[in-house]
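Here is the structure we will look at.
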Amino acid sequence: MTNIRKNHPLMKIMNSSFIDLPTPSNISSWWNFGSLLGACLALQIITGLFLAMHYTADTTTAFSSVTHICRDVNYGWVIRYLHANGASMFFLCLFIHIGRGLYYGSFTLSETWNIGIILLFTVMATAFMGYVLPWGQMSFWGATVITNLLSAIPYIGTNLVEWIWGGFSVDKATLTRFFAFHFILPFIIATLVMVHLLFLHETGSNNPLGTSSDSDKIPFHPYYTIKDLLGLMLLILLTMTLVLFSPDLLGDPDNYSPANPLSTPPHIKPEWYFLFAYAILRSIPNKLGGVLALVFSILILAIIPMLHTAKQRSMVFRPLSQYLFWILTADLFILTWIGGQPVEHPFITIGQMASILYFSLILIMMPVVSLIENKMLKW
């Protein structure tokens, strides 16, 4: 008798990806975040679809349509807050997923890593455009400030900004196109996720030791399906706690005021997950320099495989590199905090020091320390 799971054209793709997939036997809970990101993406697409049924992408009605969703639509408030806080959970899982890749040397799987960087940029663009849609004060001014950064590009900058706006300021045309892009991008992300998995399954997963797992693999199901399910339950618990007890904890109170082009909020700041990059942007007085630092703060991930000077792939047996990794983590926390503070002393200086430390750690300290650790192997 033929096994439909292994022979059916569609089923065998699912089977080789999620059931009979040979997986390293020792991957830890840090490997759970890939599946959690998939769950977050599914949540965002489903809740987003229901929100789009009631939302109107027009400057006169956008704000009131979001209010209508929260007040008049059945469980509209749950859907709206699941979508808003789901984005926060998405980025939390994303940062941990990237951190795990850095710590355990998963960036040596270059195709998977590069698709991951493209995914990160796409998710960030999607989240930014989504934040503009409620058309509150922070939505409007956030859109104005961030899109205006493109005007720093020499010669074509101003034309480029006006082309993106669809006019001479952020207005109806901007909101309409941002809604269109915000709707389509998650499906592009889902396609990129499939490519990400395709490349991952070409090489197989890394493991905490950074060694070859070829001699010791186990089937993905039931071992890791159960393990991922536990992670999913914990993620649902955290998300629902946030949604039901403190839905506005991570939001900005200014976004409960309708957009007013004539009144600038005292402190314009993005959502928490962009604050680290925003702090790096603000730490450089020159506009073009700030924009380049902002882009490079994320694009730097692409050159990490080239900066890998260690003989060992993982940081598990490299205590000095571990020390620098956790300093980098602490530095990102500091940058996130600084990004939410006003531009005044001492925050400016702290932000500049943290930005210098961020680039120094990745570009200089980590490669040098890895070389020292290589020498230590011979002692």
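Quick reminder: no glycine exception, Cβ is built from N, Cα and C everywhere.
Sequence annotations record features per position, and here Swiss-Prot assigns heme b b562 binding site to H83, H182. Residues annotated as heme b b566 binding site in Swiss-Prot, with similarity to another entry given as evidence: H97, H196. Swiss-Prot lists H201 with the feature ubiquinone binding site, giving similarity to another entry as the kind of evidence. What Swiss-Prot records for 33-53, 77-98, 113-133, 178-198, 226-246, 288-308, 320-340, 347-367 is transmembrane segment.
Where Swiss-Prot records a feature, it is marked here on the structure.
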residue: H83; record: heme b b562 binding site; Cβ contacts under 8 Å, 6 or more apart: Q44, T47, G48, L51
residue: H97; record: heme b b566 binding site; Cβ contacts under 8 Å, 6 or more apart: F33, G34, L37
residue: H182; record: heme b b562 binding site; Cβ contacts under 8 Å, 6 or more apart: G48, T126, M129, G130, L133
residue: H196; record: heme b b566 binding site; Cβ contacts under 8 Å, 6 or more apart: T112, I115, G116, L119
residue: H201; record: ubiquinone binding site; Cβ contacts under 8 Å, 6 or more apart: S16, S17, L21
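Ranked by Cβ pairs under 8 Å to the transmembrane segment (113-133), the stretches 77-98, 178-198, 288-308, 320-340 are led by 178-198. Tertiary proximity for the transmembrane segment (320-340) is limited to same-chain residues at least six positions away from its ends with a CB under 8 Å from its CB atoms, namely 99, 102-103, 269-270, 272, 274-280, 282, 310, 347, 350-351, 354-355, 357-358, 361-362, 365-366, 369-370, 372-373.
Sequence-remote contacts of a segment are chain residues at least 6 beyond its ends whose Cβ falls under 8 Å from one of its Cβ atoms, and for the transmembrane segment (77-98) they are 30, 33-34, 36-37, 40-41, 43-44, 47-48, 50-51, 66, 69-71, 116, 120, 123, 127, 130, 235, 238-239, 242-243, 247, 250-251, 271-273, 301. Same-chain residues lying 6 or more positions outside the transmembrane segment (33-53) and placing a CB less than 8 Å from one of its CB atoms are 69, 79-80, 82-83, 86-87, 89-90, 93-94, 96-97, 100, 182-183, 186-187, 189-190, 193, 228, 231-232, 235, 239. Beyond the ends of the transmembrane segment (347-367), by six or more residues, the same chain brings 279-280, 282-284, 293, 296-297, 300, 304, 307-309, 321, 324-325, 327-328, 331-332, 334-335, 338-339, 341 to within a C-beta distance below 8 angstroms of the stretch.
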